[in-house]
Amino acid sequence: MQTKKTDTSKSEKAAAMAGKTWTILKSETTAFVIGLLCVIFGVYLLLAFSSFFFTGGNDQSILSHPNPSELLETGNRIQNYAGARGAQLAQFLINDCFGFSAYCIIIFLVVAGMKLMKAYEFRIRYWFLGCATVMVWLSVTLGFAFGGLLENSYIYPGGLHGYNVSLWIRSQIGAPGLILVLLATAILFGVALTRQTMGVVRKALHPQKGNNAAMAEEVTPQPEPTYRKPVVDEPEVTAAEDESEKKEKKESFWKSWTHRKPKQKKEEEETPQEEPEKAAEPVKEEPEKVIVKEEPAPERVIDLPIDTEEEDEKKHPFEVKPALEEDFDKEEEEPAFEVSNDTKEEDQAYRGDVSQPYNPRLDLEFYRFPTLDLLNTYQNDDPDIDMEEQNANKNRIIKVLRSFGIEISSIKASVGPTITLYEITPAEGVRISKIRNLEDDIALSLSALGIRIIAPIPGKGTIGIEVPNANPHIVPMSSILTSKKFQETTFDLPVALGKTITNEVFMVDLAKAPHMLVAGATGQGKSVGLNAIVTSLLYKKHPSELKFVIIDPKKVEFAIYAPIERHFLAKLPDGEDAIITDVTKVVQTLNSLCVEMDNRYKLLQNAGCRNIKEYNAKFINRQLNPENGHRFLPYIVIIIDEFGDLIMTAGKEVELPICRIAQLARAVGIHAIIATQRPTTNIITGTIKANFPARVAFRVASMMDSRTILDRPGAQQLIGKGDMLYLQGNDPVRVQCAFVDTPEVERIAEFIGKQQGYPTAFMLPEYVDENAEPSSAADVDMNRLDPLFEEAARLVIYHQQGSTSLIQRKFSIGYNRAGRIMDQLEKAGIVGPANGSKARDVLCLDENDLQMRMSSLKD
Ligand SMILES: Nc1ncnc2c1ncn2[C@@H]1O[C@H](COP(=O)(O)OP(=O)(O)OP(=O)(O)O)[C@@H](O)[C@H]1O
């Protein structure tokens, strides 16, 4: 009896405790805290997932042979931004479970968290069902779509779940059956989401019926989301409708919008509306982020057999390869520049002859692009692979690695023009970090010049060893320019640099780069590289679309481009040579380019355009009035060779305008390429580096130089003769620069130079140096009279007014030049000395008087 009593009191106590706990759990504070944790966890997962796409390759190798104690260590080499746990979660949820659709988990966590925190009202059941359905469906779809296509990637777009489920369904009902199942489930889900889906399906099956059905549905007063809000004074209300009916109708309408109230629960279940739709949206977009490389690179890849080891390389069913262009097309951040959208009134109103768009090429309409036969062709363009050499290298690599206790499971060689990349998959249990630590020893043991170890190859769990070929082959410029990739490029400023290690043509869009830094010790291929850049642009651009400003302190390298002055070169109004070799002229030219940049910005602002492309498109469509100063803007590419010499002699005077241009000029189509032999930090300063995101490194003398140019070692190990590393973004790409010889460039320049050109080179605006000493009539050089001198003299005599601004206006020249002409007029005795703010006196009376003075000047 006593025991029974004790038992009862115990169970009562337990019940009371449970009730208390339940109350606490149900309390608002607890819900808020749990909600907050859900949101925070969601954000953490987002970080882990997103980082996984960049760091997963590296982390996978560590996670696939887990050593729990190592993971707990601080130096665990995990690169995921969310740490080791984040990497594990991402690896598990993305690869081992649902692929990209694992993002649905994040969406649901955030939604649930928001709901618990009472920040937003969500119908959590629908979100759960919606997210779960989309996640499973998308995972299977991606598993099916990418299962066979992508191999050897570390990302499984549909996850193992998607892949296995799709495989199983396929085995049961075949691929067409699986497609039908996926289609049917998508439609069913759509119908559950909104009844409008039915209309869409009907319309797809029978367009006419679909319309009718939709119309019929519209007249039926149902609480559909598409139902239009009834207007109070709607005339259709018939007399037969009594007040209660009206009320019911209004209520049913509002129920469809305010479906969160409990009394509308039933209706909600019938018509799950826009919220689950929102849930589906982000995940539906996922596959678009995956870029499947349709045309594999023309790799010359050999799988080299390993005698002693069994190939146990796991064949990954998926591969997510970023297309090459994608890497280099990345939009750089726009410089801070504000352009208001308020197009000037006169421009808005302006509509030229719209039927006939402006053709910038019309001035030189018979211009012929350089032909490919101007370039040299070489016999051994695509040479055979020397299997003996390949096998010898393979055996050496295996032997060296084995001597360090590293076993490998497979080795693959990609034979490039000058380098072969051996891609090694380490045997199970070998950590990549171990190989990385032994990098120097391995390089020493392989002891060939130019060995570079990439551990791991970015995006893969493998290690790369680059070994120079015994018989390197040059990459002729002709082979690049004739390639389909170059011929069909849509880049604005296509720069063909050469071929990658996998024999793929390597191209960059300079318009997006947007400025390039080239470095390399003397004789390593810098000048050839610059010529390759110029040549590829010359083969693609019309003289009206592109101008070069060439700065060549060495005075010899670029003289070969002199013949194209009236087609492609830009210079200062009073500049004699278009190829600038004099340091003072360099400073003036760079400042003048800054003026051009400012002028262009003003034009863009007046036109309400954000960049040169939009602006030129508007101009071509005759939406911009040339009378308001608008003109077609060619791209300007500034090439500066021996930048180091310039900085040494002119210092800040050169650095400041360069930095200004680099910071701002991208949007207005001005791009700079600077080259130096000495990539030291006093030449390539922090500001320069920050503003030149694209870097080209030929072989440099030391590791320090490599660090200065690429922020990492590597360029000191290149083999020279055009072997280079191109960096834009994260990882450098090894490229064999295309070879274009001086006679080839000469032939191209001559071909262009012989054709009809513009009357002069492209005139850059005049730059007025505010700090320069005003010239006095005493030091005016009368032996170098301005070409406009005589005409200006006639003008002032005709107007009897010695005004600089008059000359400036009438001849559309800068103040500086007009001032110089006025000084010459004064020295010739045609006008009197400066007269304060008033115009000068004109001392010459008429034309005859002028003729006499002119003939005495010429004597
Ligand atoms: N892409 C290439 N392919 C094959 N050989 C090349 C390549 N680039 C350069 N070379 C070889 O290297 C030599 C030197 O190249 P280049 O004149 O471009 O060097 P550089 O770096 O400009 O030297 P410097 O700074 O002294 O002018 C060339 O004459 C050529 O023989």
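Including glycine, each Cβ sits where the backbone N, Cα and C put it.
Just so you know, TrEMBL annotations never went through curation; they're auto-generated.
With a cut-off of 8 Å between Cβ atoms, the residues of this chain six or more beyond the transmembrane segment (30-54) that come close are 24, 79-82, 86-87, 89-91, 93-94, 102-103, 105-107, 109-110, 112-119, 155, 320, 730. Under the heading transmembrane segment, TrEMBL lists 30-54 (among others).
Look at TrEMBL and you will find 92-114 (among others) tagged as transmembrane segment.
Among the features that TrEMBL reports, transmembrane segment is placed at 126-150 (among others).
Positions annotated as transmembrane segment by TrEMBL: 173-193 (among others).
As annotated by TrEMBL, region 'Disordered' applies to 210-299 (among others).
The annotation compositional bias 'Acidic residues' is assigned in TrEMBL to 233-243 (among others).
The feature region 'Disordered' is assigned by TrEMBL to 327-356 (among others).
As annotated by TrEMBL, compositional bias 'Acidic residues' applies to 327-336 (among others).
The annotation domain 'FtsK' is assigned in TrEMBL to 502-707.
Positions annotated as ATP binding site by TrEMBL: Gly520, Ala521, Thr522, Gly523, Gln524, Gly525, Lys526, Ser527. Sequence-distant contacts of Gln524 (ATP binding site), defined as residues of its own chain at least six apart whose C-beta falls under 8 angstroms from its C-beta, comprise Phe698, Arg699, Val700, Leu718, Gly720, Lys721, Gly722, Asp723.
Checking the binding-site residues Ala521, Thr522, Gly523, Ser527 against ligand 1, the ones whose Cβ sits under 6 Å from it are Thr522, Gly523, Ser527. Under the three-state DSSP scheme, Ala521 (ATP binding site) falls in the coil class. Summary: among the binding-site residues (Thr522, Ser527), the fewest other C-beta atoms within 10 A of the C-beta are counted at Thr522. Neighbour count (other Cβ atoms within 10 Å of the Cβ, all protein chains): 24 for Gly525 (ATP binding site). With the fewest other Cβ atoms inside 10 Å of its Cβ, the least crowded of the binding-site residues Gly520, Gly523 in this structure is Gly523.
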